[in-house]
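Okay, structure first, notes after.
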């Protein structure tokens with residue numbers, strides 16, 4: 001009998017009959033067994049956060065992972081929502097090497113949007129889908145301690161950029177995350193750290209997800225983005241990248257802008273022992289389940305060697 005498949009190009013199950021749906025579920029069983037009890041850190045961002053149908057799909061997928069025995073941890077971004085809030089205030093966003101320049105007023109907006117709006121929307125959707133989500137920032141339980149990021153110019157190492165209240169992670173204490181996992185909750189984390197004087201720092205969500213995956217000894221780090229994965233200059237998907245290949249892509253300018261911190265966070269996690277790191281297309285319905293519960297080669301896998 002021909003085996004039913006669901007691919008990134010054809011993720012819709014509406015045309016699949018009951019028997020084939022059962023077969024698809026059976027194909028997922030080995031992965032459910034393999035990853036039972038394992039931590040999956042998911043960076044949630046891009047269009048998947050702004051399209052209502054994709055928002056609902058994401059929440060359902062996270063709940064499903066929890067119900068079958070995995071431990072999903074969500075780290076979310078919120079760039080479009082921050083940009084919209086700043087525009088309403090008449091402030092124009094400015095980025096250097098993929099990082100948002102964050103003055104004091106912008107930091108207040110970032111904190112309000114991420115922790116007060118975006119995070120609560122995600123928590124509500126997961127709870128509505130049958131999960132038990134709890135929102136956290138870096139302040140909660142001393143989760144993320146940070147300091148001002150010193151950004152060195154990628155073309156001139158002698159030059160530094162002052163990008164304001166953008167943070168560099170000093171340490172992560174995962175105690176509160178582990179406690180929530182043990183009680184069957186799903187942590188939803190806003191990428192805001194706190195400094196020695198209790199000041200807030202805006203930290204790139206991809207970087208937070210990578211560091212958290214390392215500290216939690218996660219089985220997988222999955223980064224949802226607005227592209228099929230990492231693309232070469234011809235627009236072709238690169239399905240597998242090593243550290244050496246990534247260095248070459250940095251050098252020739254293939255990887256730039258917002259993809260820079262994403263790749264850096266992914267590579268850091270891979271080098272630090274996270275078994276599997278993937279950058280996938282969050283615009284595809286149920287993309288996360290396709291990655292975790294099927295054998296489809298999907299997106300870009302990042303390897304340390």
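A Cβ is built for glycine as well, from the same backbone N, Cα and C atoms used for every other residue.
Fair warning: this is a prediction, and the values are worked out from it, not measured in the lab.
Copied over from Swiss-Prot, here are the features:
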SITE      43  site 'Transition state stabilizer'
BINDING   78, 79, 100, 202  substrate binding site
SITE      262  site 'Transition state stabilizer'
Cα-to-Cα gap, residue 79 (substrate binding site) vs residue 43 (site 'Transition state stabilizer'), nearest whole Å: 13
Residues near the substrate site, 78, 79, 100, 202 excluded, by Cβ within 8 Å of the Cβ center? 77, 82, 102, 110, 114, 191, 204, 205
Highest Cβ count within 10 Å among the recorded positions 43, 100, 262: which residue is it? 43
Express the distance between the Cα positions of residue 202 (substrate binding site) and residue 262 (site 'Transition state stabilizer') as a whole number of Å. 15
Cα of residue 262 (site 'Transition state stabilizer') to Cα of residue 43 (site 'Transition state stabilizer'): how many Å, rounded? 10
Would you find the one among the binding-site residues 78, 79 whose Cβ has the most company, meaning other Cβ atoms within 10 Å? 78
For the substrate site as recorded (78, 79, 100, 202), determine the largest distance between any two Cα atoms, in Å, rounded to the nearest integer. 12
Residue 202 (substrate binding site), Cβ-centred 10 Å count of other Cβ atoms over all protein chains shown, is 27
Rounded Cα distance, in Å, between residue 78 (substrate binding site) and residue 43 (site 'Transition state stabilizer') is 11
When DSSP is mapped onto helix/strand/coil, what comes out for residue 78 (substrate binding site)? coil
In whole Å, note down how far the CA of residue 43 (site 'Transition state stabilizer') lies from the CA of residue 100 (substrate binding site). 18
